[in-house]
Each structure stands twice: as structure tokens, then as C-alpha cells.
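Single-structure report; data block below.
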Amino acid sequence: MLWKKPVFTLSDRSKVTDGLGRHRLKPGEEYHITVSVRPIRGYGRHFVPVVLQFRRHDDGRTFYIARFLSVEVADDLTKSLGPTSPYRPPPRAARVRQGTKVVEGHPPDMTKADGLKMAALDTYPVPGSLRLQINRGDDLSDALRGPLCFSDYAAIFGALLHIEEVQMEVDIRRYDMRGVVMSRENRLMSLQVPGLAENRPSVLKGDHLFAQVRFGDRPGDVRYKGYVHHVEMLDVKIGFGQKLLDNFIKGMAFDVQFTFNRLSLRLQHRSLQLVRSRPSLGGVLFPDEAHLQPPDASSNQDMTLRFYNRKLEDNVEQSRAVRCIVGGSSRPAPYLVFGPPGTGKTVTLVEAIKQVYTVHRGSVILACAPSNSAADLLAQRLLTTTQLKPQLFRMNAASRLWRDVPEDLKDSKCCNYDPCTGQMYYPSLEELVQKYRIIVTTLVTAGRLASANFPPGHFTHIFIDESGHAVEPEAVIPVSGLLSPELGGQLVLAGDPKQLGPVLRSPVAIEHGLAMSLLERLMTQCPLYQRGEDGQYDSRVLTKLVRNYRSHPAILEKPNSMFYDGELEVHADQLVREAFCQWEELPKKNFPVIFHGVEGVDEREGSSPSFFNVQEVAAVVDYVEKLLQKRGGIKVKEEHIGIISPYRRQVQKIRQALKLRRRGEIKVGSVEEFQGQERLVIIVSTVRSTRQEYLKMDKDYNLGFLNNPKRFNVAITRAKALLIVVGNPYTLTRDGNWRSFLKYCKENGGIHPEGCDLPSERDEVEDILQRLDALNIGVTPPENEADDTPPEDQEWRRGE
């Protein structure tokens, strides 16, 4: 065997396979080698190449025959989840013929309840010269590389946004539909869109698309522009012009082309334009010691505050951060709340907002986050203080569906929803100024406020939660338009640069810094936010939260040492965190971390580039059943379990398998969906078990777990009491972080005995090469058919 594989044992009567004997084959003779397979309880495919060496008796020449031994452990579940059809890379989208006539559609009326007048917003198209350079594949490094400074800030970020937009134009073509049928519903047309519920593509009210009537094997010459009026789970209702409605015939086939909403991009470009015209923002975006203003009298870190959340009083770091924010100790520089997993970052931010509201009677606060879910959470936690309710306003985008708003926010009547029209509305500037002291919104929707001509200095404080998720120009939308540092305005950023950053599509934009958030740039490139000679951060500008209220020490140990300098302290509830320490499935009691090795096969099906691994699905489902049947201690419910995988198709396969077992309440999702969340039990399916060129593709497109420390960190820090990782150790050990994690599991007895063996300490490649060299065999890797399709279809961010 070319490498050691304990699953297989070879034997023969002459002990040739032991390397101790030889056998002379006569013409027509058969020689039998027995292959034994040890009992295997886990799922997976086990294989090993066997090389047979022959030497001709007449001339002594040597030749070789190589064969693979393979055994697969499967059941009805793994068979039912296999590929539904062979994988074929999706065809490249056909270009729309130039000169095609466009017929305008019927847009929804979204202005009836829009009392917030806004300044005109430019379109900021991609410059033709830059588009030409991108399409030619020119090297843009010289123009984009180098230390960022205030003078070239707008130019560099503007170019990166344009580069990202060009990639978005390419990616959106994957969703184009050919020969689809629409149905008519009064003045609207209804179109089914696969993947709509997962934002693949993202379609919002007011967006537009194009449809062409299909004649045989080609589309017609007229492109009908349609506007989205309603978005449902699988369907969109579209308003086309009267011409299409008049000519519509039931069963008529269409080619449909999607577009993406450019509002977010336009607002980011406008924010950069405003930065260029406001030198006072230099102290915010590029702060240094010289910029810091003398603190207020109220900035004493020992100041007496009456905390709304009394638990913070006993947490030195949280209470210090709140006092510094209230006192404005960092102004005009941003104050950073560095919140590792489970340390109460959002709790700290909410307390700071409440204290600013209470202590500074004239304060007006804008609280933002990159997503609606994060902004909703801020509003929900702020509303727990009754006195804030009359002056708190949760402003949603006009395109947001009311059904997506949490019920408690609906009941609080703090949202901009008009039940008479069934639509979101924007209040007048006068109403916002006179009525509300706390406005909660997403960063993009804050662009509406930035366009509304508020009086200078109206917003005294801007808080951005989960700021590590936003590209820097997005975080700057409210800053450049609404913050007045020259009047004492304060910016507060909360997040963790060690966790997932913004979701981007262009490898060029990622490489040149667009994937780095404002929070991360300040922490990694600005000396003001670096550790001092004493090894501590300057508490005037930054507080690192260190008390972890989530995880068992065994779960926290590796991410703590790998990403947080070993400074995190365990403060999770003992009863909860030790709930599985005596579970019978643990390889070692009191060590609630399991690595279960599965040598599966990652596959693709149909035209989807996303990978799945049915052997890992089966292992995951087995653990789910064992957890739900657990006896003693905490009774495990479906909502206690979270399952994470980096590939959409694997997520779908796991959901399908759980549905067959009637386990529909278990959350299964990507790492991005789980950031900021926690579960009693987390099961991670890593999926990859494949060839090197696919792993390189994952790295290039920032996908999967390998070569992605932030995704690795988020995945292993969601669990409170039990972490289970299912994966191929031979693939995972190619990555330094996973290799360290597997070593940690092995040293502490966390390797499940039913899983496949771990690679030996010796370098496998070196071992194989030595074996081949001993046999005088050279290896040339096979050529594979080129497929440059990215291995994952990322969710599109909603521009709200």
C-alpha cells in the first residue's frame, strides 16, 4: 500500500505484501492477495492506492501496476442524498444584444408617505476607463496599494467600490433565467425565483429586472423593464408596462435578467465625496494622540453612574468602556469596544447609549448596524428601559417587508410603518428633530438621514454595532453626513476584527483592502489603538472585553490562545457549560469537544457549484439523534442545537435529512448566519475532502474553512456546552488553524474512536514520495477539465 491505512490489511501465502518474499508467476497462473477490512462503525469512504511491482524474468526490466482499494460505509440516508444529476458548470450568460429596445415598466408608488426630503443623489457610474482596465485584466496594484491617508482616501475606496461593482455585474448574471413562464395577477406579473428566500438573488421592493419574450431558441428584440411591487417566499410580483400586459398570452416563455440595487453603492460613493470636503473628519478616520481633545469633567473613569444593567457594575472592562464613552475620552477619535465572542459587546453598547441619553440631556443618538437583524436587536434591548420608549425610533428602509420585523418591535409602535397604507414611511425632518432622541437604523438607511439636511451637530453620538461586518465606506455613510467632530460629536464602534468581516465578491477588491472594516483598520494600522509598552490598550480610546459568558473552558481554550492572546476569562454559568461533561458519547469525560473524522467525498450536482458531502451529513444526523435521546441533566431540545457548514448545498442536504427525521426546528446555516448567535450545542460540518485545486479555489474566493482564520474562529466559538466537528482530518491538517485544533483534540482525548484515523505526525507527502522513490516511480498529476466557476454562490447582501 502506498501509505499506511489501518482499515485495510493485505496478506498472501508468499508474504509478498509484507515485503518479505517474492513469487514467480508462470504464464496463465493466478496469484491471490487477500484484502481484509476491519469493522467500521463510522461513515465515509476509505481508500488507498496499491502498487504491484513486477520484474520480467527474461531481461530483468521492472514495471508497475497500480490499483485503488476502496470501501464505502453507507446507508439509505446517504444513498438518498447523493447527486440528483451529474454536475455541469453553469453556462456563461449570453450578452444582451446592443440596440435592443427597452419598454419602461410600472414602478410601485413608494413616495406617498415620504415626508423626509432628501438632497439629490448622484449615480456614480463605473468610469469607462476603469471598466476597460478591469476587463483587460490590467494590474491595478500600483494605484491601489500603499499606506492609506486622508488625501487619497476617497480616490482609493471609490476605485475599490467600482471594482467590486464590476464583479457584482458579472455575478448577478448567474441568476438569469431562460424560457420561464410568468402568470398574470391583475396589473402585475408573478415570477417564481428559486433561491429567493436565501437572497440568491436579493430582490427588494422597488428593484427592477428585464424580461424578453422568447421565440423558439432566441429572445425577442424588445426588453421589458419590470419593477418589483411585492416579494414573497418564492415569488415576486412585477409591474410591467401596458404593452406587455396587452400582448401577454398564458404560457408565454420569457428570458429574465436580474439587476442589483445600486443604492448602497451610491450612498457609499457619496460618503467618500463628503469626506473629501470635510477636513475635520481627518481626526476621526486617521486619529492620533495630537487630535485628542481634553476630556469633559464627566469623563472620569471613576464617575458615579447608576447602571441600568446592574451586572455591568461588577465587570471592570464593561463599566470602564461605558464611563469612557459617556465622558467622551477619545474625542474626536472613535471609541472602540473590542468584543471577542460571548463577552457582552452589544450589552455594553446598549448600556452606553442609555447612559449617554441619561447623563447628557441634550444628546441625540444615532445607533446603526450593517444588517436589519443587528439593528433590530439594538432597538429591542434599548426598549427594555421604559423611559426611552417615547423618544426611540426604529427607522426601516421603505423596501423592508413588515412581516420581517420582530413582533415585539411591531407591538412597541416604534417603527416607521403606516398600517393604513401597509407601507413603511419616512417622517419629516421636523418630526425627527423634535420628537426623537434615539434613532436606530441600518448603515445604508442612515443614508436617508444623511441626505436630509439635519442641522450641524444635531446628532451628538453615532454608535455602530457589528462594525466589523461593514466595508469602511459603508460605515462612513452616517459619519461623513451626520457627525460633527468639530462640535464635539462622538463616534463609537463595537465589534471584533478577529471574526467575519464584510461579504465581498471581487478578489481584487478584497486583496487591496475593501474587506478590511474601519474597526480593523484602526486596530491594526493606527498606533493610537495599539498596545502600549506595558502591553495594555489605551482605555481612553479602546476597551477589550475579556469576560466570556458563553462557553465551557475546553471550547474557549483554542480560540482564546490563537486569536485573543489568552486573555479571555471563563464566566459562563457552570451548570449550563458543564451540561455535557458526562455525556456517554464523549471520547473523554469533562472534555466537551469532539472531532469526528470522516473520509467522505465532496460532490456537486446539477449546475450548482456548491459542494456537499453526504457521509458528513449522515454523521451529523447521527449526533443529532443521540443528543435528542440524551438522558439525565439538561433535556436537549431541537432549538438547543445549531449546525454550521460553509457550503449552501451542504446546508440544504442537512436540512433535507433532518426533515426526513422530523427534526425541522434545528437551525442549520452558514458561518455568516451564526455570527453573533450561540447554541447549547454546535455541530460543524467542514465538507471538504478533495483535490488541491478546489482548495485553492476556496482560498481565492474567500470560501470554506481552510485558509480562513475568521471563519474558523466564528465556527468554533458559538457553542456553550458542546462542540462537535465533523470533517476529513487529511484535508483539514493542510491548514494551520485546523491542524492546531486537531492536535488539541488529540492531546485532550477528544478524537472520536468511530471516526477515521488522524494523519500521523510524519509528513504524509514526504512518506509517499519516499515510497515511490524506492520503487523508482515518478508521478505526474492528471489534468482536469478547467472549471473556473466559484465553488459557492454567496448570499447577496440586502441593500436596506
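Glycine is treated like the rest: Cβ placed from N, Cα and C.
Remote same-chain partners of the domain 'Helicase MOV-10 helical' (141-174), defined as residues 6 or more beyond its termini with a Cβ less than 8 Å from a stretch Cβ, comprise 90, 92-93, 126-127, 130-131, 134-135, 201, 257-260, 262, 265, 268-269, 272-273, 275-276, 279, 282, 285-286, 472-473, 504-506, 508-509, 512-514, 521, 525, 793. The domain 'Helicase MOV-10 helical' annotation in TrEMBL covers 141-174.
Across the domain 'Helicase MOV-10-like beta-barrel' (175-258), the DSSP tally of helix, strand and coil residues reads 10 helix, 44 strand, 30 coil. Taken from TrEMBL, the feature domain 'Helicase MOV-10-like beta-barrel' covers 175-258.
Secondary structure of the domain 'DNA2/NAM7 helicase helicase' (316-399) per DSSP, as helix, strand and coil residue counts: 44 helix, 12 strand, 28 coil. Sequence annotations record features per position, and here TrEMBL assigns domain 'DNA2/NAM7 helicase helicase' to 316-399 (among others).
If you look up TrEMBL, you'll see 430-506 (among others) marked as domain 'DNA2/NAM7 helicase helicase'.
Per TrEMBL, domain 'DNA2/NAM7 helicase-like C-terminal' is recorded for 515-728.
TrEMBL lists 776-800 with the feature region 'Disordered'.
For 784-793, the entry in TrEMBL reads compositional bias 'Acidic residues'.
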Residues in the domain 'Helicase MOV-10 helical' (141-174) grouped by DSSP into helix, strand and remaining coil: 29 helix, 0 strand, 5 coil
Counts by DSSP class (helix H/G/I, strand E/B, coil) across the domain 'DNA2/NAM7 helicase helicase' (430-506): 28 helix, 15 strand, 34 coil
